[in-house]
Every structure is written in C-alpha cells, then in structure tokens.
Amino acid sequence: MNELEKRVQELNQLLTEYGRAYYVLDKPVATDAEYDKLMQELLAIEADNPDLIYPDSPTQRVGGTVLEGFTKVEHDYPMLSLSNVFNEEDIREFDRRVKEAVGEKVSYICELKIDGLAVSLKYENGRFVQGSTRGDGTVGEDITANLKTIRSIPLKLSEAIKIEVRGEAYMPKKSFVRLNEARDEAGDEPFANPRNAAAGSLRQLDPKIAGSRNLAVFLYGIGGDGEAYGQATHSEALDYLDKLDLVTNHERKRCKSIEDVIEYVNSWGAKRSDLDYEIDGIVIKVDSFEDQEQLGYTAKSPRWATAYKFPAEEVVTKLLDIELSVGRTGTVTPTAILDPVRVAGTTVGRASLHNEDLIHEKDVRIGDYVTIRKAGDIIPEVIGPLVDKRTGDEEPFDMPENCPVCDSELVRIEGEVALRCVNPQCPAQLKEALIHFVSRNAMNIEGIGERVVDQLYTAELVKDFSDLYGLTEEQLLQLERMGEKSASNLIAAIAASKENSLEKLLFGFGIRHVGEKAATLLSREFGSLDGLMAAEPEQLLAIHEIGEKVTDAIETYFSNEDVVEVIQKLKDYGVNMDYKGRTQQEIPDEGPFVGKKVVLTGKLSILTRGEAKEKIEALGGEVSGSVSKKTDLVIAGEDAGSKLAKAEELGIDVWDEAKLIDVLEVKE
Ligand code: IVH
C-alpha cells in the first residue's frame, strides 16, 4: 500500500470515528474545524484519485449525482403500521386482550413515537447497502443516497453482520424552525411540520438537499426475526442495536404493569415539548419475542403493539391585526397579532402567516376568531377562521403595494410566493443586515443587539457596516440606557472584531445563500477577500459544495458599487480581510511559491497531498482545486488526468513530484 492509500484509510477511519462520536454517541471528540480540515483533505485526494473512493468513505454521504427517479424496493418483511389508542380506557382494553392471549405475566416496553417517516435500512457484512421508505408497506422506494447523508446512520456497523433494521427518520425541531425561516426569506412555501419537512427532504432526487437538511434517525426494531440475533426480548434487541452503533431512542422504559405504562404515557404529555424532536404519541409493545409470536398480527398491524396518540392541542383566539415585517433580504412577511392565549405550554401572541397566498387560501380576516395550533409543537400556526363566528365586521387582508418601511414598490419575484422590497437602501433591510453582521457567528460584537442597532440607526450614527468602526464613546453615550462601562466595552468589542478571520466577515455580509459553511469554504479557498472578489465563476464552482446559486449570489453582491464602497471603508478602518485558518501560516516575502496559485493533481507518493499543500502554503503559495488561467503552477503526480491536460493546454508550468521535493528541501 502506498502512502496515499494509507493516508486515505487513516482519514476514513478518523472521520468515521469523529462522526460516530458526534452523531451516534453524542460525545464529540474533535472540533468542527478539525473535522472540516480532514474532510477537505480527503475530498481533495478523492477528487483526483477516484479509485481511492471507498463506498463507506465519509465523503460518500454528501451525495454526488442527482437521481432520475426512485426505484421500487420490495420489502423482505412487510412494513406494518400500528393500531391506535386514544385514552386510558383504550390502553386498559389493549392490556386485557394481550393478557387473554399470553397470560397475566406480561411485560411491556414503552417508546416514544417519533413523528417522522418510517425507513428500513439493510446492512450486509456490516455495511449499509440499501435504505427505503415504507411505501404501501409491501413496496417502498429506494432512498439509499438520501439516507446516506444522515449522519446518525452508520455506514458501517461494529459487527460484520447481515441485518435489516427499521426506524424513523425525522427533522429536529430546531432545524425545522431554521428551514422554515429560510424558506420564508427565500420566498418558498414553508413546510407544515417537521414530519412533512423530513419526508419532503428524503423524497428529493438531489441528495445534496437531504444532506443540507440536518435529518436524523432513531431505530426501533429489527426487520424480520429479532430472535435470530440471539435476543429474547424487544428491549434486549434495542440494546443490541446500540451495540452495533445504530442509534436508538433512550427514553424507552420497560413496564411490568399496565399502571406503569399509563404513568409513562401521562408523564410524556407535559414533557414532550422539552424534546429536541417531535413525538406524536407513545408506542406500547409487548417485550418478550415469544409472547409477540403468540399474539401474532392482523392484516395491517401487530397485535403485540399499539400506539397511544396525544391529542392535538388547538385553541381559538381572536386575530387582532396583521403586521408586516421586512427581512434582511427584503422579504415582506405577514405576522398575525393574536389575543394572547395559552397553547401547548406557552402563551402565544403572534404567529407567522408566511405569505399572502396562504392568508387568502385560509381566508383569514382581521377580526376573525381563528384556530391556533403549534406546528411541530413549537411554531404557533393559524389553522383557519371560525366562519360561523363572523359578525360581518371582519376585514379581508391584502398586501400593500409599497414597502411598509421605505415605501418603495414591492415586487414579486417569479416562482416565489413572497413579496420583496428591492430597495437596497431600505432601512428595514439595513437594520436587519446590521443585526446579522454583529451576531455571534458573524463578527461577534458583543453588546450590540436589536435595540442598540435600532438606536444607532435612528440617531443616524450608522448606515452601513463600516460606520460601526467609526463610532466613538461620546457618540455611544448619547444613546438611551448606555452607560460609560457599556460604551467602552462596546468600543473594545468593535475594535477586537477587526481581527476576525475572513469567514466571519464574509458570513456577516449576509450575502444570499452564503451561510457559515460556504463562507468558510470560500475563505479557505481564496485566502483573502480580494482573492474571492477577483475569482472567476468557474473557480467558485470548482469548490465542492459551492453551486450555481452561491456563485451567482456572490457575483451579484460584489458587482454592486455600494458594496465595493463599504468594503473599501472597512479596509480603511483596518478590518482584516484575510483568512486566518490554520493553513494560512506565516508567509515569507520571497521564494518559489510566494503569491503563486498552485494546483496539485495525480497521485503523490512521497508526500501526502495534505503535506504538500501545507508546505506550499507555508511558503506563501495558494493551493486550489482547479486549473484556470490564473493558475501559476501545476504539480502533477502519477496518473494525472484532465487537470494536467488543461495545464498543458493553457501553457502553465508543470512540475513532477521529484521537482517539488527538490525545491521544498532546498527551502526547508
Ligand atoms: S414500531 C409493526 N416504534 O409509527 C410496526 N413505530 O404506524 C412497528 N413510529 O410509521 C412500528 N416511532 O414508523 C414503532 N418507537 C416506534 C416508533 C414507530 C415512530 C412510526 C412508524 C410507523 C408508525 C406506526
């Protein structure tokens, strides 16, 4: 095995281990940055050496090709559903029927009923080979590529066995909230609840979409004969799944009596809103496999299990008004102002109405009595009006033609449901943009929140990001509720933020589609803001995970004259515009690589690609993934392919590995 193969195996192992610690054991052992760095190294090697891409490489989760359709899979064992019970009496009735069949000494196991999408996962020789949806129970759809993007699904088990497991894929509440916010902002239809969001994500033909949605899975059983794996009870079988590295839900409880079952069910009625994921009930299962067998099945469901369904909590209140707000990208979103009412544990006074179409579809009018529910138990949602309660004084709502903040004409972008204010000087957008700029994951300027931004804006002290850096303590002291200590802390925090690494600034700009991840990838690739601004679209597209949307958005953003002006002002204030990640070492002033754009291709045998990259960067070179007119030098290892050909075509300098070693050794 050569060095490169060894390194690939090492990277596979490390990344799998880090991923397992994070997603399966919930105990991270590496930082995100460490993980990212190794992942980038592996991706770079694999890009040039497709023969070194192993099927269970952690990169294979990301999802490369877009599918043309899903193929059908016939399940080896049907995927059944569960009978339902709705109250204590029903639960006792279930218990009576069970005892009639297997006698008094029966034990139950209670589990949370995860509200997602049923999936079946097949492993052979311990490797994940196929995953499918339930479909009609007999035939489902092959969604292997999408399921591979779910980090809590191991690609390899701790034992090299053949097994089919069943479980629920779901979207955590937080991801759901974030996804819908982003969809509102982008003018897309929001998902009604986390279950629809999970199902919608797994039904996408482009696995990148599922990969970006933060889905997770809990396994709740073995497909087929559980006893075949040497377990006598369902609870043992679940413990066994844990041992295999398959994620099960740990809130389960063995119950010796139906009283214990009822107590468990009741305890979750109140607690469920504290969970990070949504549950819609409790599944009650007979624990012993022998008892299960004796009880058997009806045509649709097992007689040894049932699902208690929580009642959906809905309340009625009055819609007092509809308020409009303008987001960072100009989207105008309507919000229902409600007569405050308690639902599922909290008092609700506002609820997003998402967009005009939805208001008209539901026909909600100001003054209506409306039914409220919490979508996904978290986001309050207006379901619809009680038409019978209308008095005739209710007013239908129409979106205004002009921006509620700056009065410029609103536009509806084709294919979007949202109305947008496209005036880049609109104060609402500028304010939102500033709030984002100072936020923790962006420039992280502590001490400025919405309130201070509002005041700075109203006092006309700040109009764009750069004005923050010109603020003085005296100016801050004019603001309401701003003491000397806070003012001087704030000035210090603003000054400290000048030293941030490029990705924070780039994320802070709030360019559409440029999230933290993209900001980091771009910063790492180009090293400086100037480098990014001068990059050709092809160079952006060559970066794994940067697509056309991001590329277009960046082009549009930096071609705006106002933007260029603000950037110049930031520079004048001394705001750092370079990437400070660990690849950016102390760079010498002169030498063979200073200021050179270098591309590595083909198999290197003495150095690993990561080592070569590190050394070149340490000597002031910039290593990128694709050959373009701007490339100065290509290092071609064995079996170099299209990149070498392109370099030759463009007349770019090409070195072999021996020459690289020569130069590096001379310089070391
Ligand atoms: S056991 C024979 N356990 O609820 C059926 N199901 O109709 C075995 N579900 O869509 C199902 N959490 O995917 C079981 N802890 C759990 C569950 C669970 C969610 C889903 C299941 C199916 C539906 C039952």
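From the backbone N, Cα and C atoms, a Cβ is placed for every residue, glycine too.
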Per TrEMBL, D32, A33, E34, Y35, D36, S81, L82, E111, R134, E168, K309 bind NAD(+); matching candidate in K6, K208, K271, K285: K285
Site with most surrounding Cβ atoms, counting all protein chains shown within 10 Å, from the binding-site residues D32, E34, D36: D36
Residue pair D32 (NAD(+) binding site), C426 (Zn(2+) binding site) - Cα distance, angstrom, rounded: 36
Maximal Cα-Cα distance (Å) across residues annotated as binding NAD(+), namely D32, A33, E34, Y35, D36, S81, L82, E111, R134, E168, K285, K309: 44
Secondary structure at D36 (NAD(+) binding site), reduced by DSSP to three states: helix
Cα proximity to C426 (Zn(2+) binding site), best match among binding-site residues E34, D36, R134: D36
For the domain 'BRCT' (588-668), residues assigned helix / strand / coil by DSSP: 30 helix, 17 strand, 34 coil
